Amino acid sequence: MGPQSNSSVTDFLLAGLTSQPELQIPLFFLFLGFYVVTVVGNLGLITLIGLNSHLHTPMYFFLYNLSFIDFCYSTVITPKMLMSFVSKKNIISYAGCMTQLFFFLFFVISESFILSAMAYDRYAAICNPLVYMATMSSQICLLLLLGVYVMGFVGAMAHTACMVRLTFCANNLVDHYMCDILPLLALSCTSTYVNELVVFIVVGIDTGVPTVTIFISYALILSSILHIHSTEGRSKAFSTCSSHIIAVSLFFGSGAFMYLKLSSLLSMNQGKVSSLFYTIVVPMLNPLIYSLRNKDVKIALKKTLSKVLFS
């Protein structure tokens, strides 16, 4: 992936989030705080699920992976972004930029598919509770997880391979705080038609398939819940889904806003703000949503803390 082969640009400058000097330090501490909460929240949830055998169920197996994905993809983005607040010039090498693009896309696409696997899991639990353990056997969970990461890899490879074939000439200022598809395409001095086509197709599949899966799962779940006669049964079923619905709305809402708009309608600054939402805010909120709204996680946390304190 030698930059010299098809590009006179050997490194890129990341414009960062803002050019106003007085905002740099406050923003640095704000996002550092976000990152610390993200790391502690996601690694904490991973540890909790790992340590507590009563959380070794399909639902928590997927949650474990969601936390892993969130931790990884905020780590691909945030440390480099924090540098832009404190360094005069935030330089990233051509290879570094393509690597960041690849891993960012890999984890983002994996996240959209893991959320749809979680929706399917809730569907199996609520609509067919009697055969739930057979429907979500460990083999099926592993196959679903394999599918999640394969889709992430294929999507990220498609975008990155198309990006590597472009030529970047004199202008190397990326108007963003990370190497993302749209701001990089804006710098190319060769035709980006193929890239735009790939973005359209891949983003279509990677948001379309999970969205349809999630919608169908929830339509079936809703009709199932409406057939439950006891109020208690209904509220229990609703509460197992509510945190997932919140996580899905946050992630897909901000992601769709960023990619499915016409780039001319939305200035890059607004684009940066909506990117912030799904690259920084969502990975931070997911562990909070799942732990604060979840009885099992709270019990596991109490158990683990009491073990630690009393040992």
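Glycine is treated like the rest: Cβ placed from N, Cα and C.
It is 211-229, from the ranges 116-134, 135-153, 211-229, that TrEMBL records as transmembrane segment.
Each of 27-49, 61-79, 181-205, 211-229 was scored by its Cβ pairs under 8 Å to the transmembrane segment (91-109), and the highest score goes to 61-79. Taken together, the residues in the domain 'G-protein coupled receptors family 1 profile' (41-290) have a mean pLDDT of 87 on the 0 to 100 scale.
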